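This report concerns only the one structure given below.
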Amino acid sequence: MTGTLPRYLLRRLGTAVAVLWAAYTVSFVVLYLLPGDPVTTMASGGLDGEPLTPEQIEALKARYGFDKPLIVQYGTRLWAALHGDLGASIQNGQEVRSAILEALPPTVQIALGGLLVAVVLGGGLAIAATYTSQRWLRQLLMALPSLAVSLPVFWVGLMLVQIFAFGLRWLPSVGASGFPALVLPSITLGLPMGALLAQVLAKSLTTVLDEPYVQTARAKGAGRAAIHLRHALQNAAIPALTVLGYVAGNLLAGTVVVETVFTRPGLGRLTVQAVGVQDIPLVQGIVLFASLVFVGVNLLVDLIYPVLDPRIAEGVPATS
Amino acid sequence: MTELLIREGPPDSSGTAPGSSVALPTPPTRRERLHRVLRFLGHRPGLVVASLVVLLVLVAAFAPGVLAPGDPNIGVVAEKLRPPSAAHLFGTDYLGRDVYTRVVHGASLSLQATVIAVAVALLVGGLLGLLAGFVGRWVDEALMRVVDVLLSIPAILLSLALITALGYGTVKVAIAVGVASVASFARVMRAETMRIRRSTYVEAARSVGTRWYVTLWRHVLPNAAGPVLVLAVLEFGLAILAVSSLSFLGYGAPPPAPEWGSLIAEGRNYLATSWWLCAMPGLTIAATVLSVNRISRALDGEWSGAR
């Protein structure tokens with residue numbers, strides 16, 4: 001046992017680093033190889049104002065290093081990225097890293113809010129749906145998640161604003177000030193993720209509740225709620241945790257739409273704006289940051305697995 | 001994410017069709033087959049409704065004039081911002097244009113983008129998966145690592161990166177959405193190909209000296225296609241959502257064109273006073289996606305289970 005856990009961690013860490021490097025490469029290929037180079041794209045009318053002269057374009061290219069061969073650019077940029085330097089934004093020359101860090105706090109707020117909504121709603125729904133003995137109620141509850149994943153996220157946000165901000169006047173419609181402004185964006189962000197979580201958790205709870213050890217617990221006289229919450233939930237949580245990692249890793253992507261709908265400042269808005277002016281270094285920085293978060297969250301999930309099920313660290317495949 | 005959505009059917013779906021496990025000794029006649037289809041649908045009113053919705057959307061996409069004869073870009077300014085009524089089913093917008101007409105005509109743009117997106121994902125992903133599964137060894141290793149990486153970049157961000165590189169427009173948005181879902185297709189196709197490559201009939205084909213490309217075309221591809229096509233139907237629903245999100249963000253066709261996503265973006269400015277501008281196009285998108293998902297669920301398990 002002593003040797004297996006560090007080796008498990010090391011293997012996971014190695015995978016994480018490899019994925020990050022590859023994500024860098026993919027975003028480099030997509031952004032730098034496809035349309036020529038960013039300066040030409042920008043100078044040819046990406047922004048307002050008069051078109052640049054060829055000399056100016058050459059000077060700009062030299063400044064950002066776009067005049068070098070691609071493989072050299074790739075090498076120098078990757079080397080810089082390894083040291084935490086993601087280059088400078090093309091629109092205003094601001095460091096990409098500081099631009100991202102500046103935009104982060106309001107986004108983290110709604111991301112955490114969304115995660116909370118997803119866990120509470122998704123977990124609660126799955127537990128309620130598997131606990132109830134009313135057939136119609138179970139079917140109703142289980143129909144909700146597939147309804148929720150079919151709704152366009154931006155539309156749900158707008159309808160929530162319509163009802164709770166303009167109709168009932170309970171909550172503010174836009175802005176980022178204080179707790180009330182967090183409620184609607186968090187619900188909008190958390191709803192589809194909670195639906196996904198509910199589907200997986202309900203399915204694995206149903207499977208687990210059929211297992212012999214649950215029957216044993218029942219035979220020994222344990223209460224229904226106790227079996228459900230204490231015995232079954234822990235084992236059923238493993239597939240749900242995988243989904244939760246996936247969901248949390250995708251939270252940043254969700255904020256792109258949500259922050260636009262609610263006109264909040266943050267990383268999502270920064271992304272929309274960067275794409276709008278084809279600010280390639282900034283877009284690449286954001287993509288990299290998002291995959292860093294994705295990889296980090298999944299690493300965290302990998303670390304929690306052995307706590308829930310010690311067999312995983314020993315290389316026994318997880319039962320799902 | 002996609003495979004998680006396919007699975008959950010209503011718990012009673014396999015139990016409703018009586019005699020579901022009866023093996024038929026003779027191939028069914030045409031009438032028997034028709035009878036079985038009718039009985040299958042009779043037990044599933046939701047599926048019938050879903051099929052009707054999809055049919056309506058298809059008519060709207062290919063022959064919008066049948067459902068809404070008016071011009072989507074011409075409005076009567078005197079009748080601006082009217083709520084839904086008999087004359088204007090979905091109400092009118094700030095220029096007096098009929099929202100119903102715009103939604104119907106928008107179906108062709110939105111559906112066109114969706115079809116391109118699914119086609120890109122299906123072709124590229126399917127080919128990569130086929131290659132990885134059939135060739136195996138280092139090709140498989142390399143391709144699957146690429147797929148892992150594509151999966152670790154959130155889909156919408158990958159689409160946005162592609163849009164940054166490609167520019168705006170319906171087709172470019174569609175390609176961006178398609179490329180972002182290549183990875184899941186490659187995975188499913190690879191799994192199917194690997195399963196079939198090891199089957200007895202492929203071994204038999206090889207042992208009688210069939211060339212590899214004939215094996216691939218005649219034996220592996222037709223048998224591996226099923227699950228991938230089910231995924232394609234499901235992806236259709238997801239692609240409608242993704243395309244309309246990007247169009248909502250303003251990366252789709254330029255303004256007067258009535259794409260579903262941009263219709264909602266336009267209506268947003270009048271949210272406080274005119275609820276129908278956002279609600280109606282949104283409900284249309286939701287109904288379409290729900291219907292497509294219902295159909296993909298039927299294709300995935302219920303039909304084969306009920307036979």
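Even glycines carry a Cβ here, placed using N, Cα and C.
Whatever TrEMBL says is automated annotation, not expert-curated.
As annotated by TrEMBL, region 'Disordered' applies to B:1-28.
Per TrEMBL, the feature compositional bias 'Basic and acidic residues' maps to B:1-10.
Taken from TrEMBL, the feature transmembrane segment applies to B:46-67 (among others). Proximity of distant same-chain residues to the transmembrane segment (B:46-67), defined by a Cβ-Cβ separation under 8 Å and at least 6 residues beyond the stretch ends, is recorded for 103-105, 107-108, 111-112, 287-288, 290-292, 294-295, 298.
The feature domain 'ABC transmembrane type-1' is assigned by TrEMBL to B:107-296.
Sequence annotations record features per position, and here TrEMBL assigns transmembrane segment to B:109-134 (among others). Within its own chain, the transmembrane segment (B:109-134) is flanked in space by residues 57-58, 61, 140, 143-144, 147, 170-171, 173-175, 177-179, 181-194, 197, 216, 220-221, 224, 228, 232, 235-236, 239-240, 242-244, 247, 252-253, 257-261, which lie at least six positions past its ends and keep a Cβ under 8 Å from the stretch.
The transmembrane segment annotation in TrEMBL covers B:146-167 (among others).
Within the same chain, residues 1-3, 112-122, 124-126, 128-130, 132-133, 143-144, 147, 150-151, 155-156, 158-160, 162-163, 166, 224, 227-228, 231-232, 235, 238-239, 242-243, 246-247, 251-252 sit at least 6 positions outside the transmembrane segment (B:173-189) and bring their C-beta atoms closer than 8 Å to a C-beta of that stretch. Per TrEMBL, transmembrane segment is recorded for B:173-189 (among others).
Marked as transmembrane segment by TrEMBL: B:228-253 (among others).
For the transmembrane segment (B:273-292), same-chain residues at least 6 beyond its ends with a Cβ under 8 Å from one of its own Cβ atoms are 49-51, 53-54, 57, 81, 83-84, 90-91, 93-94, 99-100, 102-103, 106-107, 233-234, 236-237, 240-241, 244, 260, 263-264, 266-267. Annotated transmembrane segment per TrEMBL: B:273-292 (among others), in sequence order.
Counting same-chain residues at least six beyond the ends of the transmembrane segment (B:228-253), those with a Cβ under 8 angstroms from any Cβ of the stretch are 2-3, 5-6, 109-111, 113-114, 117-118, 121-122, 126, 129, 155-156, 159-160, 163, 168-170, 172-174, 176-178, 180-181, 184-185, 188-189, 192, 259-262, 264-265, 285, 288-290, 292-293, 295-296, 299-300.
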